């Protein structure tokens, strides 16, 4: 029998479906191919001046000598990357705020490494504000396997390869010719279907930390303007693609900024992880959409509200927490919610919550699972509530976000990622525990405690920032409610004074159903996290980085993966100690038990230790604080 679970914070309201615009299947197929070849380059970023004076920010200092911003920036680059060869990019400027921006391009053998840049931001007084780098430290002429002097491939062959592999709508490639133009660029002659003549030029690119020589093929068709990089050694492999067309852009509180009190909104472009979302966020594999609809989710608005739509996929709408009329920022709310659930989908996918595990997607692309179940995200429900209804794999869950949480001013919970991620996490739990074809394996009070605890803890895990310590406490929905404690009676805290809850506390809570039902489990996992962070560091929130054994780097996503893997191991209707053991078993499988003691110590601290007893009935739990020998 198909089961349906509804997990609620306060209540429910009914939505009406919208009608998104659609595009052609052929373009969708090409978009998926392009996405699979996007570079995964990630820059480091370091802020040096975090306490700016008013003088530094807003006024000019009188100096005997003018500030040489470029020289200052160049010195910083040489300090950070002393072995790198580079050139200054011809786009230096000083902004209206007085901050100078200098950009440098890494080179090897006199050729640009196209996706290796260094940026320095300099204040008016010559102080460096910040710098960022995607330079390859090991890149040098002696380290590359193919140089231009050793080339056996031709620009024409590389162009023909790009057309063939990407199925570009270009005619005449087989009979085309390549003619040299300015510098070392070649123009491709005799083809049809392009807006301008295709161009070919040698460039280095970094892929997975190494540098490869490639032919950069520039093609501008009606549907895509591309730089396609063809391996110069073989002439038959794509090493990367940059698409300058149809950039999906969202003005949102970015990932890691979980509510408006934590940071400003930003313009975020192409945030999808192409390995997790090969069709992007605006295609379901057979159709492309210009609205907030895609393979992973689609937005609906109650009372026939209009779904934001943009032919250019530019979703930028005004919003401020001071705005009092929710209808004035409906589009911003929908964009924020859509961005957050898609980003969470991609993070979870990278950690193992994929098609076969029962994730939420329309088209599973032949990778298992039922498909046909993209998440329906209801924005601005007319009550102060958030909830998710979770059927078994193959039917869409419905996640409802209240637009009128109590407070002054009224607050829209779509801007509070702790609430949105809390609800989404319920869906993940329901699909994993007991298997994706069953959605009722956490339905009792014990299951509710586990489910709510995970739903509180996972947003907390994503909220932790560099600089936080064991003494940093968090909660759920503090921004939405306007209350520091949020929706709970106690914080997710490692302090037994702040949150004096243990395994035995559940003896009462599973009978009364109090808010702390969730906090016992969330606070226990918070101890586990900090034990692991002592060993592995916190880890970047923006991207999942796996080592060569598939283990996430950093405690944040390592623990999240262990939670997902552990939940897939336990039986239907587990108790807390079985969930604990599932987590330990998941760690043994993934890391060989590298986190065994960190996990045991975290659980034992709140009474879930080796000698803990579940007992019989609803009040039979006995705390146990013992850990195995060797810990």
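Heads up, the Cβ atoms here are built off N, Cα and C, so glycines get one too.
Binding of Zn(2+) is attributed by TrEMBL to 422, 426, and within the candidate set 452, 466 the record adds 452 to that site. A 10 Å cutoff on Cβ-Cβ distances gives residue 423 (active site) a total of 25 other Cβ atoms nearby, all chains included. Here the domain 'FTP' (85-135) returns a mean pLDDT of 89 for the predicted model. The least crowded of the binding-site residues 422, 426, judged by other CB atoms within 10 A of its own CB, is 426.
Helix, strand and coil counts under DSSP for the domain 'FTP' (85-135) come to 0 helix, 33 strand, 18 coil. All protein chains considered, the CB of residue 452 (Zn(2+) binding site) has 28 other CB atoms within 10 Å. Put simply, residue 452 (Zn(2+) binding site) is 9 Å from residue 423 (active site) when counted between their Cα atoms.
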